[in-house]
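One structure is given here, and the rest of the page talks about it.
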Amino acid sequence: MSKIVKVLGREIIDSRGNPTVEAEVHLESGFVGMAAAPSGASTGSREALELRDGDKARFLGKGVLKAVAAVNGPIAEALVGKDAKNQAEIDQIMIDLDGTDNKANFGANAILAVSLANAKAAAAAKSMPLYAHIAELNGTPGVFSMPLPMMNIINGGEHADNNVDIQEFMIQPVGAKTLKEGLRIGAEVFHNLAKVLKSKGYSTAVGDEGGFAPNLKSNAEALEVIAEAVAAAGYELGKDVTLAMDCAASEFFDKEAGIYNMKGEGKTFTSEEFNHYLAELANQFPIVSIEDGLDESDWTGFKHQTELLGDKLQLVGDDLFVTNTKILAEGIEKGVANSILIKFNQIGSLTETLAAIKMAKDAGYTAVISHRSGETEDATIADLAVGTAAGQIKTGSMSRSDRVAKYNQLIRIEEALGEKAPFNGLKEVKGQ
């Protein structure tokens, strides 16, 4: 019934016009699972390797034919005849066959696409939705929740061609009673933000994740125009809508000088000074979550940041932890941050992703499920968020179908589950 009879890989195009890997897993029962690997722009140095061809004459070197060949060759040969329901075994076969610590032979993009396609095929064979299958794989059958969205409505940093240093300014519709209502609040704020920006003569062009990408006078101004938009939409900042930021500070950290160089504002900071700068912003605005507030290697600075802000703010490690249980375990032991961002392709398989979520939750850390700046119509992260009851999701703004695909899947899931999947809002955020 759930025996694998064929594994197929192909090169498709992602939301930034770059190739990525799509995989299909076919079962003897006729069921097929299909999934695509996302791709990041601001990446942690310790992420699993995304295998690119490097042939400058083709897709400027970004082709993924080598990764696709791994899917159609050694991965397919190893998996045919195996039971798709045994997700951990399937993932381990691919990891062992690759034989490297960072999936450098086949590419995390190849292994992940097959891993997720396998989960989808197994769910279909069990006649259950993907989120329900994920809950079973997670050891929490029937336990679901709808995630609080973090909507990236102003893009800066590596996600936009503008002068804003901080990469993401997000809103969270904490006053909503349901996920669907939260999306409505987000959409209304998003449209009002367009009006606010236009009234000030700013561009309303969007960045990689669907948020606006204007040139602003400062990072504080980004928060100010969002505050105006929230009010214009008829909501109360701090009550109906809270704020979150992804600094992606590794992108503006000068390793040689050991300083944070915010070129957009013409300011430089030491680790400690930047922590106090963030504290000041959090005092001025109802910011409840800060991601990658320092460089991924600045563990001393992160420890200070956690001591300074960790009791009142969610401090999320993305480049810091890269969805890796070994690195997360070190962070937990040292008391660094209090939350982890979960990105499938940072680690490269569903099984390892579930292990990172479990480790975080067991330690009292929150887990925020996340997209990447390079996405496809694949909406698996929506099912992951619900199936692990993670509580929070980052999947961009209220524009670009590669972002909205995930929100629409969440709407469908909420409709199907009803009261079985509560929307807990701000209660999901660490420190709130």
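Each residue, glycine too, has its Cβ placed from N, Cα and C.
What Swiss-Prot says about this protein:
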- E209: active site, proton donor (ACT_SITE)
- K343: active site, proton acceptor (ACT_SITE)
- Q167, K343, R372, S373, K394: (2R)-2-phosphoglycerate binding site (BINDING)
- D246, E291, D318: Mg(2+) binding site (BINDING)
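Features recorded in Swiss-Prot, as mapped to the structure shown.
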residue	record	Cβ neighbours (10 Å)
Q167	(2R)-2-phosphoglycerate binding site	29
E209	active site, proton donor	31
D246	Mg(2+) binding site	29
E291	Mg(2+) binding site	28
D318	Mg(2+) binding site	30
K343	active site, proton acceptor	25
R372	(2R)-2-phosphoglycerate binding site	28
S373	(2R)-2-phosphoglycerate binding site	26
K394	(2R)-2-phosphoglycerate binding site	29
Beyond the site residues D246, E291, D318: chain residues whose C-beta lies within 8 Å of the centroid, for Mg(2+): Q167, E168, M245, C247, A248, I290, D292, V316, G317, D319, L341, K394
Rounded distance in angstrom between the Cα atoms of K343 (active site, proton acceptor) and R372 ((2R)-2-phosphoglycerate binding site): 7
Rounded distance in angstrom between the Cα atoms of S373 ((2R)-2-phosphoglycerate binding site) and E291 (Mg(2+) binding site): 15
Spatial neighbour of Q167 ((2R)-2-phosphoglycerate binding site) that is closest, considering only the recorded positions E209, D246, D318 and their CA atoms: D246
R372 ((2R)-2-phosphoglycerate binding site) versus recorded positions E209, D246, E291, D318 - nearest by Cα: E209
Proximal residue to the residue listed as 'active site, proton donor' among binding-site residues D246, E291, D318, K394 (C-alpha distance): K394
Residue pair D318 (Mg(2+) binding site), K394 ((2R)-2-phosphoglycerate binding site) - Cα distance, angstrom, rounded: 12
